[in-house]
Amino acid sequence: MTVLDVLANLGLLFFLFLVGLELDISAIRRTGKKALAIAIAGISVPFALGIGTSFAFRSTIVKGAPQGPFLVFMGVALSITAFPVLARILAELKLLTTDLGRMAMSAAAVNDVAAWILLALAIALSGSGSPIISLWVLLTAAGFVIAVCLFLRPVLAWMARRSPEGEPVKEVYICATLAIVLAAGFVTDTIGIHALFGAFMVGIVVPKDGPFAGVLIEKVEDLISGLFLPLYFVSSGLKTNVATIKGAKSWGLLVLVIANACIGKIGGTVVTSLFVKIPVREAVTLGFLMNTKGLVELIVLNIGRDRHVLNDESFAILVLMALFTTFITTPIVMAIYKPARKTVPYKRRTVECAAGDADTELRVLACFHTNRHIPTLLNLVEASRGTGRRRLTMYAMHLVELSERSSAISLVQRARRDGMPFFNSKEQRTEQMVVAFEAFQQLSSVRVRPMTAISDLDTIHRDVIDSAGDKRAAIVIMPYHKALHHDGTFQSLGSAYHAINKRVLREAPCSVAILVDRGLGGHAQVSAKNVSFSVAALFFGGPDDREALAYATRMAEHPGVAVTLARFQPSRPQSEEEDAADEVAVEAFKAKVGAVKDGSVRFEEAPEGNTREQVVETIESLSGFNVFVVGRMPPTAPLVERPDELGPVGSYLVSPEFRTSASVLVVKRYDPATNPKSKRFDPKARPPAATEEDVLDEEIGGGAGGGAAVVPVTQSPM
C-alpha cells in the first residue's frame, strides 16, 4: 500500500498540474452573471447543509474528530462539482456546445476554484490544534501564491516566448517545467497545505497561448491518465471498507448525507436558476448536472482520512455518496431533458427543389475534419453560389473528435470562447483560417456561418444530421474518408470516418454530397474574380444523377465556371417515369446551353455503347477538367470491382486506374422512402443500385450506430 500510495500521489500531483493547465482563469473572469450566481448558490447551500450534517456525524460515529476541520471537510465534500466528469457527461449527452452546457461548465469552473480554496482552508485548520499555526499556514500559502505569480510566471512566460509556432519545444524547457512542478509540490507540502496545491498553481500560471502548454499536455497526459491516475482510484477503493457501514444508524447517516447533498446542490441551483429566468426544465437539469462528483471529491476525502479528520466509517459513507450522486446524473438528465426537436418541416431538401424557385437561397451544410479541407471547400462553394437573388448560405461545420483525453476539455473552452470552429492547438494555422473565412464572406456574396460539433466519432453523425434539419439545408457536403497522398493515391483516415459518411448518407434529411479533395484551385482560396474552373457532369440517369446535374447547372451560373454535361447510355433498365424525368432534366440543361452565348456551357452525347471499356475511355478523355460532378447510384454497371460509398462511377474516379488532378463531388439525392428517419420510410424500398457495402450494412442492421439513443444538438430556449 505504501508503494502504491507513493505512485498514486505522484500521478495525482501531475494530474493537478494538467488541471491547472486546462483551467483558463481569463475565461472564469468573463463568466456571466447568471453562471456566477448559480455557482455561488451551488457552493453555499450544500456547504451550509454539510456543516449541519457534520453535527449528526460528530454526535454518532466521529466523536473524537476536531470540530473546525471536520465542519469544513464535510461542507467541501457536499459542495464540490467535478469539472472533468461533468464535461464528459455533457459530451456524451451532446449538450457540450448548447447554452445549457455552457452554463453548466462555466458554473462548474467557478465551483472548482472555490472548492480548492476551501480545501486549502480545511487542510490548514486540520494541521494542528493551534489557531496561530493555522493562521501562519494560511498566510504562508498566500505568500506562496503571490511568489508564484510574481517570480515563476515570468520564467514560464519566457520559456513560452522562446518556443515559437512551428518549431519543436526544447526538451530542457519541458524537463525544467516538470521539475518546477515537483519543487512547488514540495514547498506547499512543507508549508502545511497539500503538495497538490503547488502543482495546481504552476499549471494555472503556465501561459496558455502558443504551443508550449499544448506540448506539456501531450508529454505528460498519456502516462498520467493511463497509468498513474488509475492507481489513485485503486488506492481509494482499497481504503474504502464498506463493511464498516453496519447498523441502522450508519445506513441512516448514508441516506442523510445523500439527501442533503442532493437537496443542497440541486435545490440551490434550481432556485437560483429560476430566479435568473431560466426555464424550469433547464433549471432542474442544471441542478442534477451540478451534482456530479468525481476525482476532486476523492482527493478531499483521502486528505481528510490521512489527516485523521475522517475515520473509516465516515470515509466509506462519503465515498458511496459521491458514487451515488454521479451515477444518477446521466439517466436522470436523459429522462428530464430531451430538447424539443422543433424541426420545422421544409420542402426544399434537394438542390433540384431549391433550383426550382428563383428567389430561394441554397443552404449548404459543409463539414470538414481538418484545415486542409477548407480551401477546396471555399472554392467549391464560391463556384456554386449562383447569381442574382438566389443566394447561398454556407454552414461550415468543424467535426472535432472528443477523445478520451481530458485535454479535449480545453478544446471545448476555446471553441465556445471564440465561437469559431478553428481552435486545435496542434494546428497553428488557426488565425489564418479564421481570417480566410471572414475574408471569403466579405469578398463573396456567400454568407458563412461557422459551427462546431465536438463529439465521439461513433455519434458525431447525429450532430451533422440534426444540424442539417435545424438549418433546413438542401445539401450536406461531407469530406471523403481518404486523404490524398503525395503519389496521387488515397490513404484511409480510418474506419470511423468511413462509418460517419455512410451513416450521414443513409439518414440525412436532405441530399448528401461526398467531396473528394484533390486540391481544387490549389492550396489557397481563389478570389471570386479569379475563379476559373472547368466542371464535367457525368449523366447516366436516375435521381442521383439528376441531383448532380442540378448542382452542376447552378455552378454554370458562375461567370468563371465552364460546365460540360457528358451523357452516357444507362446499362440497367429504368422505369418509364425515371426515363421521362431524365429527359426533362437534360432538356432543361440544353436550354441553358442555348441561352449562354460564350460557350462556357456545353452538352456532349457520349459515343454509342455502354460497355465498361467504352464508358472508361470516354471518362478518361475528360480527365483534364478541374471537377467531376456525378450521381452516387447511376443505373450502370460498376467501373471497379468493389465500389465503396461513392458508388459505381465515383469509386472509379478516385481509383489508382484513373489518373487525374480533378476533385470529385459525388451526389446522393434525398429519398424519403429509403431514409429510416423519414415519416415516409418504406422498409422494402432500396436504393436504385445498392453497392455490396450498402447491402452488407443493411444485413448488419440498417446503419451501425444509427439507432443509438443520442440527445440531438439543438439550441436551448435560453
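Cβ atoms are placed via backbone N, Cα and C, with glycine included.
Curation does not apply to TrEMBL; its annotations are automatic.
The domain 'Cation/H+ exchanger transmembrane' annotation in TrEMBL covers 3-333.
Confidence annotation: the domain 'Cation/H(+) antiporter central' (389-530) carries a mean pLDDT of 73 in the model. The domain 'Cation/H(+) antiporter central' annotation in TrEMBL covers 389-530.
Annotation comment: TrEMBL describes 532-670 as domain 'Cation/H(+) antiporter C-terminal'.
According to TrEMBL, the region 'Disordered' annotation covers 673-718.
Beyond its flanks by at least six residues, the transmembrane segment (6-23) meets 83-84, 109, 112-113, 178, 181-182, 185, 195-196, 199-204, 206, 208, 213, 216-217, 220-221, 224-225, 227-229, 231-232, 234-235, 295, 299, 406-407, 409-410, 413 of its own chain at Cβ-Cβ distances under 8 Å. Sequence annotations record features per position, and here TrEMBL assigns transmembrane segment to 6-23 (among others).
What TrEMBL lists as transmembrane segment is 35-57 (among others). Remote same-chain residues near the transmembrane segment (35-57) are listed as 65, 70-71, 73-79, 81, 103, 106-108, 110-111, 114-115, 118, 253, 256-257, 260-261, 263-265, 267-269, 271-273, 275-276, 286, 290, 314 (criterion: CB distance under 8 Å, separation of at least six residues from the stretch ends).
Same-chain residues lying 6 or more positions outside the transmembrane segment (69-91) and placing a CB less than 8 Å from one of its CB atoms are 19, 23, 42-44, 46-51, 53-54, 57-58, 62, 101, 104-105, 107-109, 111-112, 115, 118-119, 121-122, 125-126, 257, 260-261, 264-265, 289-297, 300-301, 304, 307, 309-310, 318, 321-322, 326, 329-330, 333, 402, 406, 408-409, 412, 454-456. The transmembrane segment annotation in TrEMBL covers 69-91 (among others).
Summarising the annotation, TrEMBL assigns transmembrane segment to 103-126 (among others). A Cβ distance under 8 Å defines the sequence-distant neighbours of the transmembrane segment (103-126), meaning residues of its chain 6+ beyond its ends; these are 23, 27-28, 31-32, 34-36, 38-40, 42-43, 47, 66, 68-69, 72-73, 75-76, 79-83, 86-87, 90, 95-96, 134, 137-138, 141, 192-194, 197, 200, 269, 278, 286, 289-290, 296, 299-300, 303-304, 307, 309, 412-413, 416, 718.
Among the features that TrEMBL reports, transmembrane segment is placed at 132-152 (among others).
Under the heading transmembrane segment, TrEMBL lists 173-206 (among others).
The transmembrane segment annotation in TrEMBL covers 251-276 (among others).
Annotation comment: TrEMBL describes 283-303 (among others) as transmembrane segment.
Per TrEMBL, the feature transmembrane segment maps to 315-337 (among others).
Same-chain neighbours of the transmembrane segment (173-206): 9, 12-14, 16-23, 25, 116, 119-120, 123-124, 127, 133, 137, 140-141, 144-145, 148-149, 152-153, 156, 159-160, 162-163, 212-213, 215-216, 219-220, 299, 303, counting only residues six or more beyond its ends whose CB sits under 8 Å from a CB of the stretch. The listed stretches are 132-152, 251-276, 315-337; of these, 315-337 has the most Cβ pairs under 8 Å to the transmembrane segment (283-303). At the 8 Å Cβ threshold, with sequence separation of at least 6, the transmembrane segment (251-276) lacks contact with the transmembrane segment (132-152), having fewer than 3 such pairs. Outside the transmembrane segment (315-337), and at least 6 residues removed from its termini, the chain residues within Cβ reach (under 8 Å) are 77, 82, 85, 89, 92-93, 95, 100, 236, 239-242, 244-245, 250, 253-254, 257-258, 261-262, 265, 281-282, 284-285, 288-289, 291-294, 297-298, 301, 304-305, 709, 711.
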